[in-house]
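Features as listed in Swiss-Prot:
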- Val21, Asp42, Lys47, Gly86, Ala87, Ser108, Val125, Thr126, Asn127, Thr150: NAD(+) binding site (BINDING)
- Gln89, Arg95, Asn127, Pro128, Cys129, Asp130, Asp155, Thr156, Ser157, Arg158, Thr237: substrate binding site (BINDING)
- Arg160, His175: beta-D-fructose 1,6-bisphosphate binding site (BINDING)
- His182: active site, proton acceptor (ACT_SITE)
- Tyr228: phosphotyrosine (MOD_RES)
Amino acid sequence: MSTFDATRRASKISVVGAGSVGSSLAYACLIRGSAGLVSLYDIAKDKVEAEVADLAHGTQFTPASVMGGADVHDTADSDVVFITAGARQKPGQTRLDLAGVNANILRSLMPQLVEQSPNALFVLVTNPCDVLTVVAQEATGLPANRVFSTGTMLDTSRLRWLIRQWANVEQRHVHATIVGEHGDSEFPLWSTANISGVPIRDWAVDGNRVFTEDVLADLAHEAAYAAYKIIEGKGATNYAIGLTGARLAEALLRPGRSVLPLSSVMTDMHGISGVALSMPCIVSRDGIEGVVPVAMDTEEIASLKASAERLHDTLSSIA
C-alpha cells in the first residue's frame with residue numbers, strides 16, 4: 001500500500017452544505033477517493049439525508065465511503081472541511097452581492113465547525129469566497145494557512161481549457177494562471193503564460209501569431225464571466241467546482257506539495273494586506289505554506305492592487 005493510500009483510508013473530508021455545489025463536491029471526492037470518508041452536513045434534514053443515501057447506494061463502486069446528516073457532529077474530526085453553505089448566486093448577481101447575507105451565516109457557522117474539528121483545514125467555496133475567507137479567519141482566530149478558499153483555481157482551469165481550445169493542443173501543455181478576486185476583477189498573468197515553455201504571445205502557427213492582444217482580452221473575459229452564462233442556463237455551477245474541490249483535497253491530504261491558485265489573507269503582497277485574493281500558493285498537509293513570488297509586470301501589479309481595493313470596499317461594507 002502506498003503512503004497516499006494509507007493516508008486516504010484514514011482521512012476525512014466534510015462538506016458543509018448539501019446544495020448543488022456541496023453535493024457535487026461530495027460526489028467528486030467520493031468517486032475520486034480523495035479521502036477515506038466523505039461527510040455531508042446541512043441543516044435541511046430531509047435534503048441532506050436524501051443526498052447521503054443517494055451517494056451511499058453507489059459506494060460499492062467507489063474507493064471511499066460516505067456519511068452525513070443534519071447534526072454538526074457529523075463533521076467531527078475532519079481533516080479538511082469545505083464550506084459551500086449560503087445563499088445561491090442568482091442570474092444577474094455578482095458574487096460580491098452575496099457578501100452580507102453569507103457573512104452572517106459564516107460568523108455563526110465557523111465556531112461550530114472549529115469546535116468539532118479543531119485541527120482541520122477550512123476551505124471556503126461559498127461566494128464571495130475572498131471576502132468570506134477574511135470573515136472566517138476573523139470568526140475563528142485561526143492562522144491564514146488553515147483558512148482559505150478555492151479562489152481562482154476553477155477560473156484558471158477555465159482559462160487553460162479556453163487556451164487549449166484556441167491553440168488546439170493538449171491541456172497539460174498549457175501553463176496560465178488567473179489571480180486576484182474570484183470575480184469580475186480577476187485577471188490572467190499573461191506575462192508568464194506559456195504553452196510548453198513558449199510565451200503565449202509568441203505562439204504561432206504557420207508564422208502567424210495565434211494569441212493577439214484582442215484574442216487574449218476575449219479569453220480573459222470569457223474565463224471571468226463563464227459562471228454567469230452557466231447560471232443563466234441551468235441555475236448554478238456545480239460539476240467543475242466539485243472537481244476543483246476534490247483536487248484541492250488531494251493536495252491537502254497527500255504527501256508532497258502542489259502549487260495551486262488559492263485565495264488566502266495577504267500580508268504585504270505588493271503592499272496588499274488584510275484582504276484575501278488568489279495567487280499561486282504552495283499547498284501541503286499544513287495548508288498554505290506560502291505564496292509563490294511569481295513575476296508580474298507593472299500592469300499586472302496595478303490590476304492586483306485594484307482587485308484588492310475592490311475587496312477592501314466590500315469588507316468595509318459588511319464590517
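Backbone N, Cα and C define each Cβ position, glycine as well.
Here Cys129 (substrate binding site) is positioned 12 angstrom away from Ala87 (NAD(+) binding site), judged by their C-alpha atoms. Cα-Cα distance from His175 (beta-D-fructose 1,6-bisphosphate binding site) to Ser157 (substrate binding site): 10 Å (rounded to the nearest whole number). For Cys129 (substrate binding site), the count of additional Cβ atoms within 10 Å of its Cβ stands at 27 [all protein chains shown].
In the three-state DSSP scheme, Val125 (NAD(+) binding site) falls into the coil class. Each of the binding-site residues Gln89, Asn127, Ser157, Thr237 was ranked by the number of other C-beta atoms within 10 Å, and first place falls to Asn127.
Within the set of binding-site residues Lys47, Val125, Asn127, the entry lying nearest in space to Ser157 (substrate binding site) is Val125 (CA atoms). His182 (active site, proton acceptor) and Asn127 (NAD(+) binding site) are 9 Å apart (CA-CA, integer value). When the C-alpha distances from Lys47 (NAD(+) binding site) to the recorded positions Gln89, Cys129, Asp155, Tyr228 are tabulated, the minimum falls on Gln89.
Residues within less than 8 Å, Cβ to Cβ, of Asp155 (substrate binding site) and separated from it by at least 6 positions along the same chain comprise Ile178, His182, Glu186, Ala223, Ala224, Ala226, Pro261. If you take the CA of Thr237 (substrate binding site) and look 10 A around it, the binding-site residues you hit from Val21, Val125, Arg160 are Val21. Neighbours of Lys47 (NAD(+) binding site), defined as other CB atoms within 10 A of its CB across all chains, total 15. Just so you know, the Cβ of Val125 (NAD(+) binding site) picks up 27 other Cβ atoms within 10 Å once every protein chain is counted.
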